[in-house]
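Participant: What TrEMBL records for this protein is below:
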TRANSMEM  B:6-24  transmembrane segment
TRANSMEM  B:68-89  transmembrane segment
TRANSMEM  B:109-131  transmembrane segment
TRANSMEM  B:156-174  transmembrane segment
TRANSMEM  B:209-227  transmembrane segment
DOMAIN    B:297-328  domain '4Fe-4S ferredoxin-type'
DOMAIN    B:361-394  domain '4Fe-4S ferredoxin-type'
Amino acid sequence: MSEQLIVPTMAEMMAEGKQPEILFWVGSAGSYDDRAKKITKAFVKILNKANVNFAVLGTEESNTGDVAKRAGNEFLFQMQAVMNIEVLNAYEVKRIVTCDPHSFNCIKNEYPSLGGSYDVIHHTQYIKELMSSGRLTLEGNTYKGKRITFHDPCYLGRGNGVYDAPRDVLKKTNATLVEMKRHKGTALCCGAGGAQMFKDAEPGNKEINVLRTEDALETQPEIIATGCPYCNTMMTDGVKFKEKEADIKVMDIAELIADA
Amino acid sequence: MEYLPNIIFAILLIAGIGYFSSNVKKLIRNIKLGHKVDASDHKSERWKNVVNIALGQSKLVKRPVSGFLHAIVYVGFIIINIEVLEIIIDGLFGTHRIGQQVLPTSLYGFLIGSFEILAVLVLVSVTVFWIRRNVIKIKRFLSPEMKGWPKSDGNIILYFEVVLMCLFLVMNATDTIFQTAGSGNVISQFIAPWFEGFSEGTLHLIEKAAWWIHFVGILIFLNYLYFSKHLHILLAFPNVYYGKVEPKGKFNNLEAVTAEVKLMMDPDADPYAAPAETAEDEVPAKFGASDVMDLSQVQLLNAYTCTECGRCTSECPANLTGKKLSPRKIMMDTRDRLEEVGKNIDANNGEFKDDGKQLLGDYITNEELWACTTCNACVEACPVSIDPLSIIIEMRRYLVMEQSAAPMELNNMMTNIENNGAPWPYNQMDRLNWKDEK
């Protein structure tokens, strides 16, 4: 990714008297986690390529509070939510896109009753939208015939019923989409949700991400596609645990499309 | 003395229904120990769920084998119960097969014939169920929470059904008038020969005995429900109605917290002001749940509705990887504790006396609660819209907000969010650095 990314902030936009068509909510993982930052950049590359008039909050963005809520800390969640809503409302944000299904679910479903109602979509939905409106076209055939299996993020799939958008986008790459036995409604969690990402697992006989990676390996994929930064980390670790990292890549759909 | 059987019948019927009603009242009282939930929204969607999920069993058939067998027993149960109507009329008025007398022969024959076929299908299904529970080692029936009473409960229900179906068939087979009429005895005609050598009197006696035991059996079964996981045959319907209609990922926002957060964020708030006087809430709100009274009425209804099928547990990522958490156990514990509280109230003239126990700790451990990934697999799997996840979250809320008892790593993560707006110890001002990093 040598080309310069264009990432306007809401503050800059406001200073110029402009309003973006969509706000890109980067999220904490997308901002700070080394692996997730690559996903963020890939998505910005797509936005730039499609000439989307977007903006980020930059240093004015704070954690959604989602993970605090799942951990049981409703106070912290609502403090974070109210702070973020104040910023979002001040900028009169209408539409939000994010690469993180947890932020997506939280802002979409849990912010409205606290005063923040926005049209929130997941980046796979937005990529699909850009493709169908003709703003984004895939140039090459990087993934033609490659076996790709998609791991449903819980808060995108079961949590909000979004199963088709990521698959529709993947199909556009001319890859061979193979489904795991457990997929869509019965997809197994990667093990990171509910604040598990930030703690050790309780005693058991296996790590959840290893079990899920085994599901994926059964499909003999060349690429495991994800749509969540946390799933990505878990599946990457799982593939390493299985010593398959030389053969199998774990990639976010944004990364796949940015390179296609 | 001519009316003695009618009187005995009426007494049994009244006693059976009476005891059942008193237990239903208790059940409603126990459910009302939870706090109220406003479910006046999404009416059409709720009814649609009742039709599809409860009546139509759309989630059950996702597992074809058990789903198909369940459908047979379910349809059999509902349809064969039309026969109970005839039994009650006959019993109260001393008639014999009133249906045969008032309905056209072909219709009556068709009805009883269908019941007989269903009875056989139910017998076959119930046998397969028994084999699945006791012979084939199906994992979800072998979990630790299924030892003892829950295992016996499952089997007792199956035995009940076998006995009731057999009595129904024997009753028909030994009814000489019914057999001679030859309409509707599709199955019982093959059982009738077993009784060939019997005198008319003995046959009549067997027929009457089967009829009475069948009737008493139904009453016992009805009253068994309250003590059994089998309550789902009644509660599945209201439970699905009150089930979650919003996206599964959406968790409720605690209103008590919202009020405090608003106060905290309000620049005009006077930090030294005396708390506003509200007559109703003298007791400060408790955050989260440590006992059944802290849960909602829907969550308590969920607990009574659970029939311990274990589809939730068999989909739970934590359980699949050997952790202690089992969503089914969360529901069973909630019901057990609720029953204990109910008995406590009964024993203390309608008032709950602190028994030094609670749902958290005495039934559900912290270890189970912290193993949950909140992935909603259990909620998705439940054939009757039970939500174990919501109980887990309420209890986590209590652990974190009332006891500060989160695992240390989570406390660190939350401190980070408080201080720098991210779960990791990074500077807020570095949030956009990714833009220029190579």
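Each Cβ is built from the backbone N, Cα and C atoms, and glycine gets one as well.
TrEMBL does not curate its annotations; it predicts them automatically.
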Participant: What residues in the same chain, six or more past the boundaries of the transmembrane segment (B:209-227), come closer than 8 Å to it by Cβ-Cβ distance?
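Facilitator: Counting only partners 6 or more residues beyond its ends, the transmembrane segment (B:209-227) has Cβ contacts under 8 Å with 9, 12-13, 15-17, 19-20, 23-24, 26-27, 84, 87, 91, 156-157, 160, 163-164, 167-168, 170-171, 174, 233-234.
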Participant: At a C-beta cut-off of under 8 Å, are there same-chain residues at least 6 beyond the domain '4Fe-4S ferredoxin-type' (B:361-394) that contact it? List them, or none.
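Facilitator: 49, 53-54, 57, 59-60, 232, 236, 239-240, 243-244, 248-249, 251-252, 288-290, 294-296, 298-299, 302, 305-307, 309, 311-318, 323-331, 333-334, 336-337, 405, 407.
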Participant: Summarise the model confidence on the domain '4Fe-4S ferredoxin-type' (B:297-328) as a single mean pLDDT, whole number.
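Facilitator: That stretch averages a pLDDT of 97.
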Participant: Can you break down the domain '4Fe-4S ferredoxin-type' (B:361-394) into helix, strand and coil residue counts using DSSP?
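Facilitator: Per-class counts: 19 helix, 1 strand, 14 coil.
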